[in-house]
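The structure under discussion appears below in the form of structure tokens.
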Amino acid sequence: METTQRRWRKVAYGGMQPGFDDNHTDDTFLQEMVMNANVVKRDMLKVMLDSVSISQYLCIVALVVLVWAHTLNSTITENFLIILDITLVGSGFFILLLTAKMLSFKLLLSYAIKISFFTTGLYVLSPIYHTLTRSISSDSIWALTTSLVILHLFLHNYSGSTIKAPGALENPNLTSNISLNASIVASLLIASRLPSRLLVFAIILFSLQVFLFAPLVTYCLKKYSFRLHLMFSFVLMAITLTCVYRLHKLLFVVLLGLLVFVNLVCPYWLIRIQEYKFEINGPWDEAKLCFNITD
């Protein structure tokens, strides 16, 4: 008596089917293959506009380095730095009040209390920072500071904020925290080369204000109005290029070339390499959850 061949069925569980190997596939296996299903077609103009955030933060870091350089050359005094610190804090809170939709008075008061405690602790510790690197040569300080600034730029989260923004669902990731720590150490190294304790306090406060709160302010500004974000970015680029040109023409050429590379060359490369992207999907892919497992 002849036995009929049992038909193979695609099942996720249930063990081996009699008459078929565990890795058996039938003729319809490749019919479910899909090519380039998740490939996103990007627009050149949109990619260029999105890259403005990178150029914006590059200019912010360049302005911080300019302030460091002028402070080390005794061009900037303690009084000017303290006035600059107060101006940055006031303007930052003003922009947050205008742009952050979920910023309450209680949260704003919490920010103010934390900043006051932070500023007091920084002023108390400024004598220690003043003598922190007295036994280290200046060449080592400049080399280490440059490396830390490059590390900071390389690991910085250009699409988010250094600290958790009001209403944000996710906290900053590990690389963002490493980037922030690198900028803080670089600020301490620069401050340890200054002649007075008050100048040390003022320059560290300025640096931490920029590295901590500038990404938060620009993030809220971008969420509030993308057009306003673009206007602020272009004005910031113009101011930065003007200041760098007055300091050193070679640095001006380097910064201008870097901005052109970020805003024009990189978006063009991204659009071109999309033509060579090849992705296949099919029944061999792992199952993906359509919901958040933490809900």
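Glycine residues also receive a Cβ, built from the backbone N, Cα and C atoms like all the rest.
Beyond its flanks by at least six residues, the transmembrane segment (47-68) meets 76, 81, 84, 149, 152-153, 156, 158-159, 190, 203, 206-207, 210-211, 214-215, 218, 222, 226, 229-230, 232-234, 236-237, 239-240, 243-244, 247, 255, 258-259, 262-264, 266-267, 270-271 of its own chain at Cβ-Cβ distances under 8 Å. The annotation transmembrane segment is assigned in TrEMBL to 47-68 (among others).
Within the chain carrying the transmembrane segment (80-100), a Cβ under 8 angstroms from the stretch's Cβ atoms is held by residues 67, 71, 108, 111-112, 115, 165-167, 199, 202-203, 205-206, 209-210, 213-214, 216-217, 220-221, 223-225, all 6 or more beyond its ends. The transmembrane segment feature in TrEMBL is assigned to 80-100 (among others).
Packing against the transmembrane segment (107-129) from elsewhere in the chain are residues 89, 93, 96-97, 166, 188, 191-192, 197-198, 200-201, 204-205, 208: each is 6 or more residues past its ends and has a CB under 8 Å from a CB in it. Annotated transmembrane segment per TrEMBL: 107-129 (among others), in sequence order.
Remote same-chain residues near the transmembrane segment (198-221) are listed as 53, 56-57, 60, 63-64, 67-68, 71, 78, 81-82, 84-85, 88-89, 92, 95-96, 99-100, 118-119, 122-123, 126, 129-130, 152, 156-157, 160-163, 165-166, 180, 183-184, 186-188, 190-192, 228-229, 232 (criterion: CB distance under 8 Å, separation of at least six residues from the stretch ends). What TrEMBL records for 198-221 (among others) is transmembrane segment.
Annotation comment: TrEMBL describes 228-247 (among others) as transmembrane segment.
What TrEMBL records for 253-271 (among others) is transmembrane segment. Within the same chain, residues 42, 44, 47-48, 51-52, 54-55, 58-59, 62, 237, 240-241, 244 sit at least 6 positions outside the transmembrane segment (253-271) and bring their C-beta atoms closer than 8 Å to a C-beta of that stretch.
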